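Colleague: Attaching a single structure in structure tokens format; questions to follow.
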Amino acid sequence: MREILHIQGGQCGNQIGAKFWEVVCAEHGIDSTGRYGGDSELQLERINVYYNEASCGRFVPRAVLMDLEPGTMDSVRSGPYGQIFRPDNFVFGQSGAGNNWAKGHYTEGAELIDSVLDVVRKEAENCDCLQGFQVCHSLGGGTGSGMGTLLISKIREEYPDRTMLTFSVFPSPKVSDTVVEPYNATLSVHQLVENADECMVLDNEALYDICFRTLKLTTPSFGDLNHLISATMSGVTCCLRFPGQLNSDLRKLAVNLIPFPRLHFFMVGFAPLTSRGSQQYRALTVPELTQQMWDAKNMVCAADPRHGRYLTASAVFRGKMSTKEVDEQMINVQNKNSSYFVEWIPNNVKSTVCDIPPIGLKMASTFIGNSTSIQEMFRRVSEQFTAMFRRKAFLHWYTGEGMDEMEFTEAESDMNDLVSEYQQYQDATADDEEYEEEEEYEAEA
């Protein structure tokens with residue numbers, strides 16, 4: 001079976017990860033002790049993708065949990081599904097990274113990384129045919145960003161041909177936790193561009209907006225945000241965990257979504273949006289799902305797809321529905337909004353149908369888009385980075401851990417290159433190339 005190894009790092013990564021496992025366990029009928037109590041064969045058919053079956057018939061998540069301080073992990077362990085994880089797979093230090101990327105990547109994190117890699121190796125050896133890794137982390141702090149990217153590059157070295165998927169929470173302008181977020185995020189993106197295959201971009205600001213506007217929650221807590229993230233993650237991974245009419249795996253996802261290797265940062269959306277307590281009481285139709293899913297307000301990252309163009313997109317529909325209707329709806333969206341899709345990639349929207357809906361819903365859909373408008377987000381972080389870096393503010397925290405200013409300059413220009421690559425493809429039209437070729441012809445003649 002094609003297994004996926006899940007790794008979560010830092011405070012944010014561990015909280016999102018814990019939530020993700022709660023959702024996945026519920027969908028597969030697995031209780032908090034790891035025993036199966038579900039009612040459908042389909043729940044077990046591809047359970048090996050995320051779980052290892054222990055000798056006593058219990059299912060243990062293929063998960064590695066790491067952090068540089070014990071706090072968050074203790075709360076995961078004492079949480080609702082804390083007892084389901086393998087105890088040896090909790091790897092933590094005592095010092096903390098203090099929101100410092102350099103501590104996570106070079107000093108504190110580097111001391112802990114070997115014990116994390118040992119656990120990763122052990123889990124990978126337990127797999128029949130490992131298809132890839134998924135990493136949950138945030139880019140604003142120290143551990144998830146610094147140590148997370150260190151781990152990704154080490155795994156890259158050791159398993160060069162396996163797919164690396166990340167769920168990365170970007171810092172957002174309104175919800176700031178630390179003043180050095182732009183530094184940490186830029187240094188991380190520099191790593192992710194090189195070492196990750198696919199990055200699902202999540203963003204606290206967009207999540208707040210959804211909670212506030214759509215779900216009418218006046219004071220959204222991190223629990224509410226994580227509920228949304230876990231719904232999205234469950235949707236992105238559902239066709240890997242359940243049989244369906246149009247299946248896909250991490251590699252197929254990448255092949256359909258990434259036209260150029262560096263442009264692998266995806267916007268994700270989810271429909272129908274529900275708050276934690278209230279699942280919707282009316283059944284949705286495929287057209288309604290489609291309409292909601294493409295809506296800019298449903299995107300969980302703070303970039304507006306209407307400001308750019310889609311290079312590629314992919315939709316995962318869940319529930320009992322006709323594939324024909326799904327295809328018609330997707331074609332309909334493309335025809336009506338053709339200006340928002342680049343015309344030089346025909347048929348650039350793919351859809352997948354998975355038969356099992358999320359808990360409490362009859363139908364749902366998840367959207368994954370590779371849109372040039374995501375440059376807004378990089379641009380925003382880059383501006384904040386430059387403002388501080390120009391004055392060398394807070395830099396001593398990083399140089400004190402042995403970093404060089406040169407690294408900052410490199411990361412900054414890499415981020416700006418990424419933005420201009422997105423811009424270049426946004427402006428490109430199908431006819432550009434033809435003219436250039438004709439000119440060459442004439443020149444030769």
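Quick reminder: no glycine exception, Cβ is built from N, Cα and C everywhere.
From Swiss-Prot, here are the annotated features:
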| type | residues | note |
| --- | --- | --- |
| BINDING | Gln11, Glu69, Ser138, Gly142, Thr143, Gly144, Asn204, Asn226 | GTP binding site |
| BINDING | Glu69 | Mg(2+) binding site |
| REGION | 423-445 | region 'Disordered' |
| COMPBIAS | 429-445 | compositional bias 'Acidic residues' |
Colleague: Whose Cβ, among the binding-site residues Gly142, Gly144, has more other Cβ atoms within 10 Å than any of the rest?
Modeller: Gly144
Colleague: Can you tell me whether DSSP puts Gly142 (GTP binding site) in helix, strand or coil?
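Modeller: In three-state terms, Gly142 (GTP binding site) counts as coil.
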Colleague: Which secondary structure state does DSSP assign to Asn204 (GTP binding site), in the simple three-class scheme?
Modeller: helix
Colleague: Give me the long-range Cβ neighbours of Ser138 (GTP binding site): same chain, 6+ apart, Cβ under 8 Å, in sequence order.
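Modeller: Listed in sequence order, they are Gly10, Gln11, Cys12, Gly13, Gly144, Ser145, Ser168, Val169, Phe170, Pro171.
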Colleague: Using all protein chains shown, find which of the binding-site residues Gln11, Thr143, Asn204, Asn226 scores highest when you count other CB atoms within 10 A of its CB.
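Modeller: Within the set of binding-site residues, the most crowded position is Thr143.
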Colleague: In sequence order, which residues at least six apart in the same chain have a CB under 8 Å from the CB of Glu69 (GTP binding site)?
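Modeller: Non-local contacts for Glu69 (GTP binding site): Phe92, Gly93, Gln94, Ser95, Gly96, Ala97, Thr143.
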Colleague: Across the listed GTP-binding residues, Gln11, Glu69, Ser138, Gly142, Thr143, Gly144, Asn204, Asn226, what is the farthest Cα to Cα distance, given in whole Å?
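Modeller: 23 Å is the greatest Cα spacing among the residues binding GTP.
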